[in-house]
Number of protein chains: 2
Amino acid sequence: MSFDWSEFEHVTKVDPAKRHPESIDVLRHTDAVIVGGSDGVTEENSLAVFERLRAEFPDLPLVQEPYRSAHVSKRTVEVADAVFVPAVYNGDKTNFVEKHVGFFTELARKSEDVTGSGLPFVGSVLASKGRELVDGVVGEGYVVQNPDSKVAGLTNVEEHYTPEQVAGAALATESFYGFPIFYIEYSGRYVGPEDVSAAAPFLDETALLYGGGIRSRAQTDEILDAGADAVVVGDCFHEDTERFLETVPTT
Amino acid sequence: MSFDWSEFEHVTKVDPAKRHPESIDVLRHTDAVIVGGSDGVTEENSLAVFERLRAEFPDLPLVQEPYRSAHVSKRTVEVADAVFVPAVYNGDKTNFVEKHVGFFTELARKSEDVTGSGLPFVGSVLASKGRELVDGVVGEGYVVQNPDSKVAGLTNVEEHYTPEQVAGAALATESFYGFPIFYIEYSGRYVGPEDVSAAAPFLDETALLYGGGIRSRAQTDEILDAGADAVVVGDCFHEDTERFLETVPTT
């Protein structure tokens, strides 16, 4: 599946390690779901979420966003529409090039049993020089802007980017790395649209996502008006589905 | 200018800081020239090389490969056909994402006087969201394999990649980062085609370059036969143009 971001404005991030609402019916109002978290994620709890989501919403685009390759398996790849691999610009080296080269070394090395229980298409990937795999695994240029968040600890973020650096990272994403997504992550803290406004002018083909602390439609609108393609809402979904509904844009 | 690597088999790397032969007539036998080095490169000596090359070989593709953004200026960009920005996988963070985000932050920030004396198109780049610039500045996925070389010191390379890791870096280059070039650099030491053989099966759209210690046609042929698109010859050009001629394939 390729993602047409012009169709998406509201994405929900579902953390497999967190408590889920009894009814997930509110997800009929979101455009896509990213399954991932920063703590306690496993292949098994990821799969459980995918299977529940797929059962209730057969047509909803589902993405896996792993933070370790062990979260990815033949079964998760089969059930998810895509795998987004974060590339954290302001994290340490182990969360950027080292992780990526390691991940692709693993894929290149093994024709079966890759990253856990085996990616079924790796044999043909080897034969066709990586083409099949490419369609499913894409990079997300990531800026982690809340130093107190779990994800900042996980990726060893030491540097909060200025809006100018966010703009530079956006331009590098589109012009240099060619990742299809640029993601500004404030993890639970809403601080306004400044970074989104800084990044948006430099992104043409790249989708701009913002996540962090969105709890109202006014905040969603403010971020979309500043030039984001979509907001990503996470905590609300786990904590309060009524409030979650209020983050969905009216369009 | 876009580079059709199927046309190139022999590339010469000319170091602006090194002694040049009195006659550069031998360059009529090479397919393209990369201007760059690891020590003592400046905007001025780069420009001097470009101007001499352009005067004698108006149609020869010329590339600038800077190691600092200060080497790049309005004048170098005007005279060169492209700028290749190395992304050293096994260097430290300052030679990968930090450098790239810094470089593009600089480009994004300034509408004139970028990286020295001003890139003329940055105004329109800003207006058109980076599109114009993209055509000229491209990434090279780089593996530096000679720990004793100047470039290894410059990029803080601590890790010699195994052939499996070279294959992983190649796959990441094509599948994840999307850089148009993957460059295996042995800097003056010829060790055979093992890394090239490891990388080649994973590269389809990406050009595979090998540089390091090539001093004979037999070595050129061995590298090309192993799957490289082109060899890069440097030292020979500066040291002994007769020997340099012997590195040119017979095609």
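Glycine too: its Cβ is placed from the backbone N, Cα and C atoms.
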Site co-member for sn-glycerol 1-phosphate according to TrEMBL, given A:Lys13, A:Tyr183, A:Ile184, A:Glu185, A:Tyr186, A:Ser187, A:Gly188, A:Gly234, A:Asp235, out of A:Gly40, A:Gly168, A:Gly213 = A:Gly213
Ask   = Once near-sequence residues are set aside, which residues in the chain of A:Ser38 (Mg(2+) binding site), 6 or more away, have Cβ atoms under 8 Å from its Cβ?
value = A:Asp15, A:Tyr67, A:Ser149, A:Lys150, A:Val151, A:Leu154
Ask   = Relative to the Cβ position of A:Gly234 (sn-glycerol 1-phosphate binding site), how many further Cβ atoms are located within 10 Å?
value = 24
Query = Across all chains shown, how many C-beta atoms besides its own are within 10 angstroms of the C-beta of A:Gly188 (sn-glycerol 1-phosphate binding site)?
reply = 17
Message = According to DSSP, does A:Ile184 (sn-glycerol 1-phosphate binding site) sit in a helix, a strand, or coil?
response = strand
